[in-house]
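According to TrEMBL, the transmembrane segment annotation covers 6-25, 37-56, 68-91, 103-124, 136-156, 168-198, 218-241, 262-284, 290-316, 328-347, 359-382. Taken from TrEMBL, the feature domain 'Cation/H+ exchanger transmembrane' covers 8-382. Residues or ranges marked as coiled coil by TrEMBL: 504-531. The annotation region 'Disordered' is assigned in TrEMBL to 575-690. Among the features that TrEMBL reports, compositional bias 'Polar residues' is placed at 654-664.
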Amino acid sequence: IPSVSSIVPESCLLIVVGLLVGGLIKGVGEKPPILKSDIFFLFLLPPIILDAGYFLPLRQFTENLGTILIFAVVGTLWNAFFLGGLMYAVCQLGGPGLNHIGLLANLLFGSIISAVDPVAVLAVFEEIHINELLHILVFGESLLNDAVTVVLYHLFEEFANFEQVTILDIILGFLSFFVVSLGGVLVGVIYGLIAAFTSRFTSHIRVIEPLFVFLYSYMAYLSAELFHLSGIMALIAAGVVMRPYVEANISHKSHTTIKYFLKMWSSVSETLIFIFLGVSTVAGHHYWNWTFVISTLFFCLVARVLGVLVLTWFINKFRIVKLTPKDQFIIAYGGLRGAIAFSLGYLLDYKHFGMRDMFLTAIITVIFFTVFVQGMTIRPLVDLLAVKKKQETKRSINEEIHTQFLDHLLTGIEDICGHYGHHHWKDKLNRFNKKYVKKCLIAGERSKEPQLIAFYHKMEMKQAIELVESGGIGKIPSAVSTVSIQNINPRTLPLERVLPALSKDKEEEIRKILRTNLQKTRQRLRSYNRHTLVADPYEEAWNQMLLRRQKARQLEQKMNNYLTVPVHRVDSPTMSRARIGSDPLAYEPKEDSENLPIITIDPASPQSPESVDLMSEEPKGCSGLPPSPEEDEEGLVMRVKEPSSPGTDDVFTPGTSDSPSNQRMLRCLSDPGPRPEEPEEGEPFIPKGQ
């Protein structure tokens, strides 16, 4: 029924089916089966986690690992202690039915109910197609908070048996978190490497290749659970580590088998888990307490919202891509609880926890509320808030090439700056992987990565064979490429040329080859540091020379500006003919340049415009002395102005330059253009004889 499944998530429908089946079994007088914790943790949970870990989007996961860890570790601890403390206060104030529940029991209950469930998150988020960032943040948190949940659960369970809890016990409990999480990762890495090494020698027995992936993954999970380590983190680490090496060794059919078998296995496990949840709800013993159940539900929501808001405010100080209020709402709203909480509650011992039935009732209520109410309303809320959806189409090869190019570029920038960012460490890890690990774990020439040129030759040969078989080509030289073959016997193309459809397997193979054969960045050399650069011995001399040249150029430019004499305005040809016609003798060309003026320079400040003294300018030859040949060649002659004697006034004392002819020369030098009002009527523009 598509109309129902588009509104109600599949997990909700499966729980309803479980409720109906449980009610039917109980109605005929039989006792319904209950989801036992051993069955859940040993058989139903591992396939879901292995599927999630083996096909984990590694790029988004590693880029957001810091944010995921903060939400998974700090957020889960906050939820557990906040909820446990408030529930202890409720139990103290809630009357006689709740007074006997102590602080440790409430903290244990808080640690069980605070963890986000990966099964419920997968079931809901896969259907709403949320964008990759939000999906990996919520799903990554649900995967990695398993270590915190396991530690807190076993810690408070052990503390409940103690008569007195000391500071040393608390410190050891804190250290056990690192042992559980890192120990689980280490176990997973070891089994992942063993699986990759085993797949190197399976080329002659392709049939059992998929078996090694399932076998070693399950061994990693069981080994981690055996030592009370995090089995979920061991499975994720094993899947992430083994995948690139196993896929390089196994055949394509084995890869397809692993992919679809994991999907089918996880889907069956998920279906059984939700159906058993419904059946167990009908079959289990319940103790309903309104105060406890409603308080649990309310404080779960409050703790989740407060934790996300505070942690996001802190995380956004360090993130380049900030988490918007819409993202924060989806992260807070997507904190679904599921079967892990129910199974942990079912594991509690009646001897130490007599209130187990009430705990289970509250846990089932929270699970139903989050799965039904939040799971059903998150899809319309995503549409209402216009949250970015997931890209349905695969990225093109062009996008992948540019993404890897930007990775290399950022690695190079970090390389130059000497900054050890995650691109730097990623590049180091890739180099180490290529140089050492791949040679040990990948068989044959594939350890050197499939070569793009070899693949091109293979396709070229295949195309040539097809061309020979299809066309009636005679003798073809052996070293002729497909391009020359087409030139020899070109085929007539149809009107509408249809591109050949590549199969998905071939397209994926081409993508993989292009992705792994892009140009790698250079080896990292010494970091750039301006203090360690070798000084150039000639650099100081060059700088001094450049400064001197610049100063000389500026001084020359200033002198040119100050000593430029305006030129005569060029008359039009008609005006020139009129002037020559009125007085031909005044415009005759002179054989000697005797009318050059003299400019006297004040030596006090030779660079200032006030130093040019035009009062002593006079034409050479006016004093009655014949001009010397040197003066004719020099043009404008600069003579030093004699300093005035003491007691004389430069302004009021008349000098030789106060004569009318000198004043007229001054006016000619300052504005040499002719003005009709200055010359008298009948007088030539320049008098004869001057």
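Placement of Cβ uses the backbone N, Cα and C atoms for every residue, glycine included.
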Notebook entry, point to check: So which residues does the transmembrane segment (136-156) touch in its own chain, when a touch means Cβ under 8 Å and the partner is 6 or more beyond its ends?
Noted result: 49, 52-53, 57, 60-61, 64-65, 67-69, 71-73, 75-77, 80, 104, 107-108, 111-112, 114-118, 121-122, 125, 173, 176-177, 180-181, 184, 228-233, 236, 330-331, 334-335, 340, 344
Margin query: Restricting to CB pairs under 8 Å, which listed stretch, 6-25, 68-91, 103-124, 359-382, is in contact most with the transmembrane segment (37-56)?
Written below: 103-124
Next item on the list: Could you tell me whether the transmembrane segment (68-91) and the transmembrane segment (359-382) have 3+ CB pairs under 8 A, leaving out pairs under 6 positions apart?
Entry: no
Check: For the transmembrane segment (262-284), which stretch among 6-25, 68-91, 290-316 has the most Cβ pairs under 8 A?
Finding: 6-25
Checklist line | Distal contacts, the transmembrane segment (6-25) - CB-CB under 8 A, six or more residues away | finding: 31-32, 120, 123-124, 127, 270-271, 274-283, 368, 371-372, 375-376
